[in-house]
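**Q** Sharing a structure below in structure tokens format, with a few things to ask.
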Amino acid sequence: MLVTALLSGLVLGGTYALVAMGLTLQYGIARIMNLAYGETIIAAAFLAYVLFNGLGINPVLGLLIAVPLGFVFGYLVYGLMMRPLVRRAKSRETLEIDSILATFGLLFVIQGVMLVFFGSNYTSYSYLNIGVSVLGTTIAANRLLAFALAIVLGGGLYLLLTRTLWGTALRAVAVSPTSAPLVGIDVERAARTAFAIGGALAAAGGVVISMYQTFTATAGVVFTMKALIVVIMGGVGNILGALFSGLLLGLVETFVATYVDPGLTLAATYLIFLAILLWRPAGLFGRSAR
Amino acid sequence: MTARTLLGLLVAGLVLAALAALPLFAGPYAVTLMIGMTGYVVLATAWGLFSGPTRYVSLATVAFFGIGAYTVGVFSETLPYPLVLLVAALIGLAVALVVGLSTLRLAGVYFVIFTFGLAELIRQLVTWYEVNVTGTLGRYIFLPVTPEGIYWQLLALAAATFLFSWGIGRTRWGLALKVIGDDEVVASHCGIDITRLKLALFAVSAVIITLVGAIQAPRWTYIEPSIAFNPTISFLTLIMALLGGADRLWGPLLGAIPLFLLFEWLSANFPNHYPIILGLVFIAIVFLLPKGVLAAVESRLRKGGAR
């Protein structure tokens, strides 16, 4: 029971971490609070479902389709919707409010489109649904694969961001958008790239989630919510913080679901959020002031 | 009180009387329409009451609306009606204080995040409680309230909301709120207790929204968490207030009436596509009229006058 909960928690947490990394890039670097983030995740989950059930393409290959699509989607959303708002904004606060409102509208558009195509039923497909024995307990192979994918994608991105000049430039924008241009960084381009990578990660997260969970067209809000809490917990713009917080949230949720009640997972998430707000609003790993 | 305010109050009173007399002449469909419209006018005005001056975007309208509606569902058979409304208002107040105390001393974005998932959290908690403790999901509301009665209650609540919103603008607190809206740092340097003022205003706004839900609840007869906590209500309230201009007394009203009619027409003619259309309308408003219709018209007039 304990080992099972631990393993499922890590699988779930790995997915949360992956998804939250994308959101922390969008919010930390592009300064866009994207409330339609969860809808991107669900759209990718539906894409994986259609590819698997309709065309027989397995989700791992589906990633090769979904991730570039997510990138292009993020790139377009930033270019068409966010850039005018960024240029118009007088301060960080006005951009924050504008982006919250615009993406809130986008949330309903994407959700509406998905409802038209797929309805509001729970959707899932069965891929690699065979038990594998790990540490004396059995766990579905698709979950192990999901965890491995999350680690590879998340770890790869982390290395890209910390070990390359390109990644360092992106992180510089997160630290100080006003001084980044002084060292020759194109802030707008960095923001656009970061937003697009966020879209790609959301798509990757959606495909990974669809492999082992059921989902509905209206489930995006909860994913956005959890990703936002993980981002705040890890400290905005902090990749490693998002990774650890994501794993932590996944573990807490699974333990609550196993030992308390599955209906109370969101309540547990909120309880953590409340504790963070009261105790360390800058995040567990964040700097104390913003 | 100047002659002009007296005249204004008189006109407002006459309009209110005319609106209250409407059910005596109009048919049942018109009353239904007026209930929905008045409900949204109150929701949008109460939303603007807090979010207009403070610029904190609250996405939790339906959390409070649903609390009101569901409380009526739970207590309608055991308590007398006025007491049910009181209990609903108190629960709404308690939730608003929890949300406000934990987020309003921080930057606005924490408040947005907290309110974003609040309705879903409360919906899941209520569902969990109903399934595990009471063993029933969904409740019937049989209250001897006529549609006219609901309409009159909403109208009275609307009048009270407008009176409060207008009255607060004429006090020290109204002035303090203006300073907060313009610059929080300046406000705190003036010795304004920002957090307490924001908290009080949020609580008032939340209680009004809770009451709208409670008053409208008997319209449903049957209620369950997914009906009471329908996110479209938060969404609609937000666009209505923004379209008119949240920081003005009459702004939310001006946004609520056309958008409510549009919504009625869309949901009757395009039941499957209206979220998409509304989302697009909403994005258009954020882009084209960021400060609302009233502000846009005013700046247009001022430009014309200067020329």
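Just so it is clear, glycine is given a Cβ too, placed from its N, Cα and C backbone atoms.
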**Q** Could you check which of B:180-198, B:199-217 is flagged in TrEMBL as transmembrane segment?
**A** B:199-217
**Q** Most CB pairs under 8 Å with the transmembrane segment (B:149-168): which of B:30-50, B:199-217, B:274-297?
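**A** Per the Cβ count, the answer is B:30-50.
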**Q** When you check the transmembrane segment (B:57-75) against the transmembrane segment (B:250-268), do you get at least 3 Cβ pairs under 8 Å, counting only pairs 6 or more apart in sequence?
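**A** Result for the transmembrane segment (B:57-75) with the transmembrane segment (B:250-268) is no.
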**Q** Which listed stretch (B:30-50, B:81-101, B:108-129, B:223-243, B:250-268) has the most C-beta pairs under 8 A with the transmembrane segment (B:199-217)?
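**A** Most contacts with the transmembrane segment (B:199-217): B:81-101.
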**Q** Same chain only, please: residues at least 6 beyond the ends of the transmembrane segment (B:223-243) with a C-beta under 8 Å from a C-beta of the stretch. Say none if there are none.
**A** 40, 43-45, 47-48, 51-52, 57, 59-63, 65-66, 69-70, 72-73, 119-120, 122-123, 126-127, 130, 137-141, 213, 217, 251-252, 254-256, 258-260, 263, 275, 278, 281-282, 285-286, 289, 292-293
